[in-house]
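Per Swiss-Prot, the features are as follows:
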- 1-24: signal peptide (SIGNAL)
- 68-70, 75-76, 203-208, Trp232, Ser234, Gln252, Lys295, 301-303, His314, Gln320, Lys399, 404-406, 416-422, Trp426: substrate binding site (BINDING)
- Asn115, Ala167, Asp174, Gly209: Ca(2+) 1 binding site (BINDING)
- Glu132, Thr135, Asp137, Asp141: Ca(2+) 2 binding site (BINDING)
- Asp151, Asp168, Phe169, Ala172, Asp174: Ca(2+) 3 binding site (BINDING)
- Asp205: active site, nucleophile (ACT_SITE)
- Glu230: active site, proton donor (ACT_SITE)
- Asp315: site 'Transition state stabilizer' (SITE)
Amino acid sequence: MANKHMSLSLFIVLLGLSCSLASGQVLFQGFNWESWKHNGGWYNFLMGKVDDIAAAGVTHVWLPPASQSVAEQGYMPGRLYDLDASKYGNKAQLKSLIGALHGKAVKAIADIVINHRTAERKDGRGIYCIFEGGTPDARLDWGPHMICRDDRPYPDGTGNRPTRTRADFGAAPDIDHLNPRVQKELVEWLNWLRTDDGFDGWRFDFAKGYSADVAKIYVDRSEPSFAVAEIWTSLAYGGDGKPNLNQDPHRQELVNWVNKVGGSGPATTFDFTTKGILNVAVEGELWRLRGTDGKAPGMIGWWPAKAVTFVDNHDTGSTQHMWPFPSDRVMQGYAYILTHPGNPCIFYDHFFDWGLKEEIDRLVSIRTRQGIHSESKLQIMEADADLYLAEIEGKVIVKLGPRYDVGHLIPEGFKVVAHGNDYAVWEKV
């Protein structure tokens, strides 16, 4: 087992050296679960926030699913080419928003929902399995032969799930991603989003529903500058209902996905391992933030260049609250992800709706000023129940927790440059 981990670590280091991702990336999720309800359209509304987002040092904005969808939020898409039926606004408004982002040197990330798809109409048996692509021609006009044959609610599918152990999405037909026509037409659609609409990269929704080998095809053939996958699986929990100390299998799954898609390319994954551990750690168990190997316990402890860290998103937080971060400790979460290696992602709600903009701005400014990046060196100085203290790149020190008598632990030449509810950040003078 030790040799296996040593080989994996060496492999990760070598891949990290060849990584083509920009080192100073800061992502921003530009919507929440209720954004579709906004009067006048969300795209138009977000246009008025572009200056603030760019001024904060954000490099990439993740936008909601743009295609026509049965579900208002966009996650039950049907006519993929139809960008005028979205609840967030029409195609012209979307392109104007992307143009405004590009004008501030900020890239636009599309939310790609391709694991499943809703049909336009029923077949002769009364089953919804006839798909419409949203164009006058036959692109993405599919039938039951494009549905996985093991998708029981939609019989007569002839395809196979790329990996039978992958997750099933019960609310809509699971698409057969091994079908050559499916691959070809989805690649064409992705390239259309990039060249015609201006998107720069992809966020793959429910990416655990199809294999990484298939995702590699879509990434390689659409050439995004950035891609991030949602691989959301459960952590390992003990009898007390809390995460086990060792979450190596969980983060290994994230690492494996990136390896298969292409470790030297633009592919990353959301670091759900770090999210789950951090959720619990800030509740008086900060010792969890040092793994058994002395490093960060999440994906950032193994392959930070390929990890997108976050505090909450439209699923875990917002109005869904599927896995929310403790609301009174959110800034501790940002103090962690914005000073640590990895690619941090800021959530719209926290930045604009929670009154945390100034504090988050300050942390991003420190990260940028000190050149903290996805592969910055992390030294964990202390990790006790009430104190987490770490030095990053020898330039920044961050403290989490209620303990205040830490002056003797701070080296000379550092001064406090940010502080808030149970967190503080020092910067080397």
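Cβ coordinates come from backbone N, Cα and C, glycine included.
The structure, with features from Swiss-Prot marked on it.
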residue	record	Cβ contacts under 8 Å, 6 or more apart
Glu132	Ca(2+) 2 binding site	Gly78, Arg79, Glu120, Arg121, Leu140, Asp141
Asp205	active site, nucleophile	Pro65, Tyr75, Asp111, Ile112, Val113, Ile114, Asn115, Glu230
Ser234	substrate binding site	none
Asp315	site 'Transition state stabilizer'	Trp33, Trp232, Met322, Trp323
Val416	substrate binding site	Ala424, Val425, Trp426
Please report how many Å separate the Cα atom of Trp302 (substrate binding site) from that of Ala172 (Ca(2+) 3 binding site), as a whole number.
35
When distances run from the Cα of Asp137 (Ca(2+) 2 binding site) to each of the binding-site residues Ala172, Gly209, Lys399, the nearest one
Ala172
Please work out the number of neighbouring Cβ atoms within 10 Å of the Cβ of Ala172 (Ca(2+) 3 binding site), leaving out its own Cβ.
23
What three-state class does DSSP give Ser234 (substrate binding site)?
coil
Indicate the candidate from Gln68, Asn115, Thr135 with the smallest number of other Cβ atoms within 10 Å of its Cβ, considering only these binding-site residues.
Thr135
Using the Cβ centroid of Glu132, Thr135, Asp137, Asp141 as the reference point for the Ca(2+) 2 site, which residues of the same chain not in that list have Cβ within 8 Å?
Tyr81, Gly133, Gly134, Pro136, Ala138, Arg139, Leu140
So what sits near Lys399 (substrate binding site) in its own chain, CB-to-CB under 8 Å and at least six residues off in sequence?
Leu387, Tyr388, Leu389, Val406, Tyr423, Ala424, Val425, Trp426
Cβ contacts within 10 Å for Gly420 (substrate binding site), all chains included, total 17
Densest Cβ neighbourhood among Asp137, Asp174, Glu230 (recorded positions), 10 Å radius:
Asp174
Binding-site residues clustered about Asp174 (Ca(2+) 1 binding site) [Cα within 10 Å; pool: Thr135, Asp151, Gly420]
Asp151
Which listed residue (Asp141, Asp151) has most other Cβ within 10 Å, given these are binding-site residues
Asp151
Per DSSP, three-state class assigned to Gly209 (Ca(2+) 1 binding site)
helix
Can you tell me which of the binding-site residues Asp151, Ala172, Gly209 is spatially closest to Gln68 (substrate binding site)? Compare CA atoms only.
Ala172
